[in-house]
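Input: one structure, supplied below.
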Amino acid sequence: MKKISLPKIGIRPVIDGRRMGVRESLEEQTMNMAKATAALITEKLRHACGAQIECVIADTCIAGMAESAACEEKFSSQNVGVTITVTPCWCYGSETIDMDPMRPKAIWGFNGTERPGAVYLAAALAAHSQKGIPAFSIYGHDVQDADDTSIPADVEEKLLRFARAGLAVASMKGKSYLSVGGVSMGIAGSIVDHNFFESWLGMKVQAVDMTELRRRIDQKIYDEAELEMALAWADKNFRYGEDQNAQQYKRNEEQSRAVLKESLLMAMCIRDMMQGNNKLAEKGLVEESLGYNAIAAGFQGQRHWTDQYPNGDTAEALLNSSFDWNGVREPFVVATENDSLNGVAMLLGHQLTGTAQVFADVRTYWSPEAVERVTGQPLTGLAEHGIIHLINSGSAALDGSCKQRDSEGKPTMKPHWEISQQEADACLAATEWCPAIHEYFRGGGYSSRFLTEGGVPFTMTRVNIIKGLGPVLQIAEGWSVELPKEMHDQLDARTNSTWPTTWFAPRLTGKGPFTDVYSVMANWGANHGVLTIGHVGADFITLAAMLRIPVCMHNVDDAKIYRPSAWAAHGMDIEGQDYRACQNYGPLYKR
């Protein structure tokens, strides 16, 4: 399939239009601000797919309606999905602003004394507020000289945070969520809400019955040569763990091989359904070759599939990872049990960071007292106040083992363009593939089993839908924790030792839902959550504001919270502001 062009960032240099000396004296400085902004973004950021970001600068500085319209015409023809307006001087507020109501927009007003860039910033933001088109304000903390072309650190932070979030918004627009199956075991997140996807994310929902997956497997609607490559890769890289099934449920070698083959086929077919595959067109299967333009997907599995066929654990784990038999590549976003709301949290995290996401059950809160009672050992270090056991049946991205390394040699999860083949191999080597427990999965399957290395910063998120309110976002920054082996083995065995585990310690604030670890668990809005690498809660907050999704729980420092300027007019408490502003403006794509 032909790739749909990626959204670009438009840079709008605006200027005082008075000729005979004023405009002429500002042209170079204004255009240099635009060029510096574009250079910063292209150097520091990439699309989630790894492609370089393109910035489009207006052909001329913008002084009024005519040049603003010319700029808009250029942007419309080049798929600009985000705009940043820059100026070092006074300009004519409402005459020069970006009026597209669905495009994220920011204004950087240069903090200098020679010309009043701050005055234009304030005037333009007032126009945005009055017209109901929110914009983000960027204004440096310290005064700069007029000939200073550097971008201060605080301005850079806001430019990049805005650009990351804005591109996420633009990248999701027009894509689809592929719902394979329906509601899994009554899980509310798998009651896929079309209005949420359409109104808040600008996406469609493609609903496909699981029989379509069955048809593709049975009728060989896949690349048969790729299947052989996938099987050979699995034979080389898969380490098999203990089969904990009773003797009557253990499978022989031939049966196990059939389960592995079908598990790999599920991964291939779900991928093809998401993004298409030209190899199918070569087989005369043109319709199937197109895919569904899906940027995220979910697979129901339980129980209508898994009571008879291999579960989705292997397929989901491999798709969500940054590598497979084709080498290192962009991870997909595939939600276990078709939990579309957790899938959206995964999608947001992937778009912001370019990394794989760890889907998990928020399974158990272990208090220090309970751990010591069960193991005879105290929790220490990051775990001293208690831990949350994040574990599911084996569909978490294998990157979650954290066998990749950052520039300082510390364990991490990296965007795929930074991952070496050796790091991918290390993640595979850290993973065991355990036969699925028959009582859970009568059709068999393999669950990935790994343990996340400790001391790694993570952000846990979840989207929930509240009747009468709409979607809300939860955020909990914290760290993975490494427990003594004997302690881990004892605690892990009490749940299911054939599944992947992350021991998570949220950062506590002593207030509200972050009073203690128990409160974090008690306030979590659903049975699932997502781990995104790094302390990136501030990026999630900015993105949520763009989409008009209020944040109902977070432990991000107030100084890092960055929302549109109009939020400040919705009260003095910043979280109440968020709720009132999101309600006032409504969903980004409201109809």
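Numbers here mean position along the shown chain, with the first residue as 1.
Using N, Cα and C of the backbone, Cβ positions are placed for all residues, glycine too.
Sharing the record's features from Swiss-Prot:
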{"type": "ACT_SITE", "residues": "Glu337", "note": "active site, proton acceptor"}
{"type": "BINDING", "residues": "Glu337, Asp361, His528", "note": "Mn(2+) binding site"}
{"type": "ACT_SITE", "residues": "Asp361", "note": "active site, proton acceptor"}
Can you tell which of Glu337, Asp361 has the most other C-beta atoms within 10 Å, given these are the recorded positions?
Glu337
Residues with Cβ closer than 8 Å to the Cβ of His528 (Mn(2+) binding site), same chain and 6+ apart in sequence?
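Correct list: Ile187, Gly189, Thr336, Glu337, Asp339, Asn342, Phe359, Ala360, Asp361, Val362, Asn392, Arg462.
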With the Mn(2+) site defined by Glu337, Asp361, His528, which remaining residues of that chain have Cβ atoms positioned within 8 Å of the Cβ centroid?
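In sequence order, the nearby non-listed residues are Ile187, Gly189, Thr336, Asp339, Asn342, Phe359, Ala360, Asn392, Ala526, Asn527.
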